[in-house]
Structure formats: structure tokens, C-alpha cells
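Record features, source TrEMBL:
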TRANSMEM  6-26  transmembrane segment
TRANSMEM  46-64  transmembrane segment
TRANSMEM  70-92  transmembrane segment
TRANSMEM  104-126  transmembrane segment
TRANSMEM  132-151  transmembrane segment
TRANSMEM  163-185  transmembrane segment
TRANSMEM  191-212  transmembrane segment
Amino acid sequence: MAISPQTLAFVFGLLGNIISFMVFLAPLPTFYKIYKKKSAEGYQSVPYVVALFSAMLWIYYALLKTNATFLITINSFGCVIESLYILLFIIYAPTKLRFQTAKVIFLLNVLGFGLMLALTLVLAKGEKRLKVLGWICLVFNLSVFAAPLFIMGKVIKTKSVEYMPFALSFFLTLNAVMWFFYGLLLKDYYIALPNVVGFVFGIIQMILYVIVKHIGNKSRIPVKDEKAAAPPQLHELSEQIIDAVKLGTMVCTELNPVPVTVLQPNMDVVDAVVEAVIDNIQKKKDQDIITN
């Protein structure tokens, strides 16, 4: 007995809700790091602001469209969790990033959504309103999938995967597959088409993660090599210089004894030389610290 498209759509919609739930929770390790460090410096709020706006749009679309319970449930949860992420980011972000985030929220989530809501209610009615809103949702769903491009650029620049969790990329890819088939089975291409792009971006992110992680592991120096290659400590070098000078003075004294009164000024010169060498070593050490 063949399974009807409606049944398959229900299955993929349910799986899409489950996986989307995990997608929304995937950034939790990132925000746990922010909470522990008490700083959001180095992270970006744009993906979460765009994701919040997209969830708001899909709820509006689902309310106009019949039989869209799965869209309402998961995007309602998305609005709540994305709002919490943004709030946590604002709490621990530097002042400049706080103002930037607040500015984006006002322009996109308040002004942008309010303007779009007013225009669709006034200028479009019935089926036309649903189509217009569907295209808007499609475009901004693409923005959600494209938002991690900011993070990908940072990964390439810093050669670090700290800001792009693999779990998020994996679940985004799997999520795109589920919602693609859900939209395809319902013949709702506003849902299906953006998830093709989401699948492609998800694959690219995972490949980039593996490449950067592999390069990072290869570039690490083993602990033993680090110890072997580490420069001598300042106090060790100074002691070696002083011992060498003392030994030279003793040898010279044995070969050609001189009165103590004559030798004393020479020791003052030696002390000055030792101090100069130590100062140079300290300056070089400070420069290495600043460079690293």
C-alpha cells in the first residue's frame, strides 16, 4: 500500500521540528563559553538576529496558510530561544557591539517587520498576500542560511573553528533536507527552495571545519619540542654570563697577578657590561611577548 504525500509530509514535518529544535539548541556551547568568559568579544550577533526575524516571518506566513501547524510550533520556539541568545549576547558584549546589535534589532526586527506587516495587510489581500509573504519568507530564509558566511569568513581569517561549532553546521544541513522534502510534498516551494541553498551552505561549513581543524592540528608543536625550542630564562642567562666573567677574571688574575686596587675598576666595568646585557635580554623578551 502506497504512502500518501500528506502522510510523508507529516513525517518530514515532525522530523523537521525535532531537528530544528536541536538546531536552535546547537549554539548553547558557544553561549556557555560566553557566559564562562563573561565576554562576547569575537562573536557575532547577526546570525541570531536574522534567525529571529525569519522565525517571526514564518509564524506570520503559517497563520495565513492553512495546515501549517509544524511551522507555528517550531518557529514559536525559535523566537523564544533566539531572543534569549541575543539577550545573553547583549549582556556580555562590549559597549560597541551592544549598540550595533541594538541597532540591527531595531532596523530589522522592529522597523522592518512592522513595515512589512503593514504593507502586506494594506496592499495585498487573500491569495496574493500569501504569495507576497511567501517570497519575503523565501528571501529571508536564504539570509538565515547565508548568515553563517560571516562566521566562515572569521574562521578563514583566524584559522580557528572556535566561532563555528560543527554541531550547528551538521544540524543545519540535516534540517535543510527535512524541510526540503516537507515543502516538496506539500508543493510549497517557498519552503522547499531555500533549503536547497541551506544544504549546500551546510556542506561547505562542515568541509571548512574539517580543513581548518586539520591545519590547526598539524601546526601545533609537541610539548617536548616546545620545551626544547624555548629560549633560556632570563635569570639562567644572567647567571651564565656572570659565571663566565668570573671565570675569565680568575684566569687572568692567575696568569698576570695585579694589585686589588687596579683590579677593582675593571670589576665595575664588568658589572656595567653584565647589567647592559641583562637589560637587552629583558627588552628582547618583552618584544617577543608583545609580538606573540
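Every residue gets a Cβ built from N, Cα and C, even glycine.
Caution: TrEMBL annotation is automatic and unverified by curators.
Proximity of distant same-chain residues to the transmembrane segment (191-212), defined by a Cβ-Cβ separation under 8 Å and at least 6 residues beyond the stretch ends, is recorded for 71, 138, 141-142, 144-146, 148-149, 152, 155-156, 159-161, 164, 166, 169-170, 172-177, 179-184. Just going by CB pairs under 8 A, the stretch in 46-64, 70-92, 104-126 that sits most against the transmembrane segment (6-26) is 70-92. Beyond the transmembrane segment (163-185), the same-chain residues lying 6 or more positions past its ends with a Cβ under 8 Å from any Cβ of the stretch are 5-6, 8-9, 12-13, 15-16, 19-20, 22-23, 26-27, 29-30, 42-44, 70, 145, 148, 151-152, 154-155, 191-193, 195-196, 198-199, 201-203, 205-206, 208-209.
Residues 45-46, 49-50, 52-53, 56-57, 60, 86, 132-133, 136 of the same chain lie 6+ residues outside the transmembrane segment (104-126) yet bring a C-beta within less than 8 angstroms of a C-beta in it.
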